[in-house]
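What TrEMBL says about this one:
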- 139-177: domain 'Mechanosensitive ion channel transmembrane helices 2/3' (DOMAIN)
- 179-245: domain 'Mechanosensitive ion channel MscS' (DOMAIN)
- 251-335: domain 'Mechanosensitive ion channel MscS C-terminal' (DOMAIN)
- 12-32: transmembrane segment (TRANSMEM)
- 62-81: transmembrane segment (TRANSMEM)
- 88-106: transmembrane segment (TRANSMEM)
- 126-151: transmembrane segment (TRANSMEM)
- 158-180: transmembrane segment (TRANSMEM)
Amino acid sequence: MSMDTMIWGNSAGAWIVALIVGVVSFFIFYYLKKIADKYISFLFSRRPSTAISLVLDLVRQINVYFLILLAILAGSSFLSLPLRLSRAISILVVLFLLLQVGLWGNKAINFWLTSNIKRKVEKDPSAATMLSALGFMGKLLFWGIIILIALQNMGIDITALVAGLGIGGIAVALAAQSILGDLFASWSIVLDKPFLVGDFIIIDGYSGTVEHIGLKTTRLRSLTGEQLIFSNSDLLKCRIRNYKRMQERRIVFSFGVLYETPLEKLKEIPDIVKNIITSIENARFDRAHFASYGNFSLNFEVVYYVLSSDYTVYMDIQQRINLALFEEFQKRDIVFAYPTQTIYVSGAKPISVSLKGQPASEESE
């Protein structure tokens, strides 16, 4: 076969030149990628930075099929191809270019998410949820634009398609209203931060520690061990009590002593309580008063503050106060009151007392 032999409108020599150009172009592109990879890796080892790391990831993300298509395009430039075939090659190259841009964009979004999540999750674990949601929405929007550009380059009229997507989007939004409501509610929780992962909260009588803030639900671990799951949209409609953000805890408790307690000892009780509380670490005394006359006791009311949000610290302090009060009252012969009832019987009629098998005897009152 001579070099002038015609094959699909081109001489054999032209085909050989195109083949050589294509093969050489591929190896040039391939080795340029390898050289860039090694050089950027060397730079990163000498001077690590997020920018160099991102560029290195993007270089490694270059697809080998994209390089093959570039080589085919370079070789085909030496041929006189039919218009339809030339257009098909051009469209194919554009599609692969868009695919490559999509892979680069996807990698860049993942890189941004990873770097931000690592930095923010230590301060706010719930930020990972928001960043993941934003990353998902960003990828969805990015690939949607890539697909629309690809369809336009293929000669498809995307105007009607975009209009249809708008109407379809409204229909989907109406159908998935509850899901979207939970999604936006999760963003509200993450952005507004009424609570964070690790906070102890009470919601409509249910209490627990926040374990996870998701796109649709928030999960709590209750004190009894079971997991409580709340819809995010329902959660924002509730009244939430966040104990993690409590700087100090105000405690009010009361106790009673017998009515037979002497007046001088009653006057000593507020000072006894004050001395006990002020001697305890993480406790601040507020007041102690003889508050009221009860049915069976003289009632005292005590108010103090625990300088910690930890419930265990509060219970330890309250226990120390209770034991110290008991000890001090024993030393001073002050008796705690408890429910008792004394019955006085009066009248002239004597009480009859009888034993089984014996006649009743009468005793005077």
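Glycine residues also receive a Cβ, built from the backbone N, Cα and C atoms like all the rest.
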As a test of reading the model: what is the averaged pLDDT for the domain 'Mechanosensitive ion channel MscS' (179-245)? 84
Using a Cβ cut-off of under 8 Å, list the residues of the same chain at least 6 residues beyond the transmembrane segment (62-81) that approach it. 8-10, 14-15, 17-23, 25-26, 29-30, 33, 89-90, 92-93, 96-97, 99-100, 103
Across the domain 'Mechanosensitive ion channel MscS' (179-245), DSSP labelling yields 19 helix, 25 strand, 23 coil
When DSSP states are grouped into helix, strand and coil, how many residues of the domain 'Mechanosensitive ion channel MscS C-terminal' (251-335) land in each? 37 helix, 27 strand, 21 coil
